[in-house]
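J.: Here's the feature list from Swiss-Prot:
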- 138-157: compositional bias 'Polar residues' (COMPBIAS)
- 266-276: compositional bias 'Acidic residues' (COMPBIAS)
- 6-217: region 'BAR-like' (REGION)
- 133-157: region 'Disordered' (REGION)
- 256-288: region 'Disordered' (REGION)
Amino acid sequence: MNIILSRDSQVRVMEDTVTNAEKSFGQFCSLLAAYTRKTARLRDKADQLVKQLIDFANTENPEMRATLRNFAEDLAKVQDYRQAEVERLETKVINPLKLYGVQIKQTRAEIKKFKSVRNNEIKQLEKLEKLRQKSPSDRQTISQAETSVQRASVDASRTSHQLEETVDTFQKQKLKDIQKIFSDFVTIEMVFHAKAVEVYSSAFQTLESYDLEKDLEDFRAKMHGVYGRYDARPPLMDTTLSPALPWSLAQSAQSTIRSQRKEAVSEDDSAEEDPVEDLRGQAQRLNQ
């Protein structure tokens, strides 16, 4: 009976190990899957922001247009990295956790098998004890019962040893998997953030180098140029500006000419619309 009690204690430890693993791995899988989905949603929102930035840039003056397009390009590049992050999380973190359910199920089946063998051993022992109490003189029946007990005990011992090896292997693999899964998780996050910081630094420099004064000059020239379009050109007008003409208006006229030239060049450069790239298309290159 002491052996049986020892086996019962051993089985409880094994069952607790598997139960705790099942609960914890299930929660890890659920939480990390939610983490990955939210990362994917963040990527989608950033894609929308990129599109909105490009749409807005197309309505602005040349300096702001170029700045916002470059900024949007950097932001889109970060989303390519984020897409790679999502795919790697699914492959190296979520899928291994999902597969753990199969291992837990197999280990539980081994424990159930052992408990069935152990119960048979207990049943044979109880049968032997009853025979000894009721028919102590029936040596043949008692001998047969003792043989059955011995056979059940050997079977239980063998199954117990097999189960011990199974659970030991399960525990060892569980610890290694926890280490690897979360090491992969941290590595994936570090790679993404390192690349993102690099691109965001470029985006910051792009915004910092924006020339506000050029756009203001262009904008003011446009405002003054609106009225100039409605003025009839006088015949044989002296090209020399009249001294009586206000200095600010003269400067405005010169600025208008410069801005019109800039606009012509800018319109040629932007004749072909830059489509928003499919951000998902670059993810495969990032995984290489």
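Quick reminder: no glycine exception, Cβ is built from N, Cα and C everywhere.
Small disclaimer: the values here were computed from a predicted structure and weren't measured.
Quick one: how deep are these features, and who are their neighbours?
T.: Helix, strand and coil counts under DSSP for the compositional bias 'Polar residues' (138-157) come to 19 helix, 0 strand, 1 coil.
Here the region 'Disordered' (133-157) has Cβ contacts under 8 Å with residues 3, 7, 114, 117-118, 120-121, 123-125, 127 of the same chain, all six or more residues outside its ends.
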